[in-house]
Amino acid sequence: MARLGALVCCLLAAWHCRPGLGLPLAPAGTGPAVGQFWHVTDFHLDPTYHITGDHTKVCASSKGAEASDPGPFGDVMCDSPYRLIFSALDFIKNSGQKVSFMIWTGDSPPHVPVLELSTDKVINVTANITTTIQRLFPNLQVFPALGNHDYWPQDQLPVVNSKVYNAVANLWKPWLTEDAITTLRKGGFYTQKVSNNPKLRIISLNTNLYYGPNSVTLNQTDPANQFEWLENTLNISQQNKEKVYIIAHVPVGYLPYARGISAMRKYHNEKLIDIFRKYSDIIAGQFYGHTHRDSIMVLSDKKGKPVNSLFVAPAVTPVRSVLERLTNNPGVRLFQYDPRDYKLLDMLQYYLNLTDANLKGESNWKLEYNLTQAYDIQDLQPKSLYKLAKQFAIQESKQFIKYYKYFFVSYDSSVICQGKCKIFQICAIMNLDVISYTDCFRQYHMKHRL
């Protein structure tokens, strides 16, 4: 693999285009100003990406498969060229949106065979993206979370201090306090209050410790004592009357495109769900990446009352495997919240039509949808999302057809999700623990004899 730093510098120097601006949403009414923050995830930079006549050699991340239709902003068989990542961040910079902070939920390196990377190469990729963000947003507070690819070998994030943990702690020092840096070095997680929102706390979890492929943490009930730390942190926040946003890479709950598969080990998923239910009165939102798709989840308590809203953001990378027919257009998103109590009010999803951008040779990031307007709901509170999910479950639901289009970031609106496909989605949206999830499938089986 070519030297990552040199190639990135070369790509940056070659950049001349400016992305088109999306449609900013001005706060309405005479109430207090609406708070805003950006969420970006899964950049997956592939520095080997280049245009060549041999489509099997366009990028290392295609693993020898032919690129589909490679252009300046990438290809669906490849991870992101630097130009795509820069266009996303430059769009954010020039969008006209005033924000308090940004969350970045991990995965900077490409999907390549393990021997094509190393600890130093992984750190170098993370450093390249970190310095790009810091250069474009010198005065913006950014809260990162580590992804399963932000380590080498991938997925094997440890429970003790490591070279990667030390490296990201040093890279992210401009954004974080000394206390946050200390726990980041120890276990890859941290907490910190938002500087201009004194009663809002960010908790950045290292959920990669619970990820199935992580053999380092196999059979450990509380890797790196993160559960104990999380409960202590939430307990103190509760006493101090703070609100909390949870950010992480690997999400809780079940994957919406397969039956019975949770993104993390079931024991750890159940433990996290128990903690989130216990402190749902102060957790004002949860934000994840990892799946590359756009999805929502609603956490209910054991009596079935919706108590938490969860959002999985789509990736910037458009990559798909040879076994997949569909993928996502690149996306970034903007959340709006009430600055008085930090309740989530709305979300604006922006995207880049990759085919169009490659044809025109310039990026034109656009507003894909505004969540409350698209679904005619009041806000992003658990009650509103739960009601929306109930509408999704209706047969021939136009709302669900729209949701599934957005699931792939408007990559292919002709695809229909029905039958088992729809059941997978509905059960995953509304049921995050094993008992309710299993019961969801049982009810559908009895009703539809599937």
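Cβ atoms here come from the backbone N, Cα and C positions, even for glycine.
Binding of Zn(2+) 2 is attributed by Swiss-Prot to N148, H249, H290, and the same site annotation extends, among D107, D120, D179, D338, to D107. Per Swiss-Prot, the cysteine from C59, C78, C440 that shares a disulfide bond with C427 is C440.
Per Swiss-Prot, ATP is bound by N148, H149; the candidate from H55, H111 named for the same site is H111. The ATP site, placed at the center of the C-beta atoms of H111, N148, H149, has further neighbours from the same chain whose C-beta lies within 8 angstroms: H44, D107, P109, G147, D150, Q154, D155. Secondary structure at N370 (N-linked glycosylation site), taken from DSSP and collapsed to helix, strand or coil, is strand. Here ATP is bound by H111, N148, H149 per the record. The longest Cα to Cα distance in that group is 11 Å. Using a 10 Å Cα-Cα cut-off from C78 (disulfide bond), the binding-site residues that qualify among H111, H249, H292 are H111.
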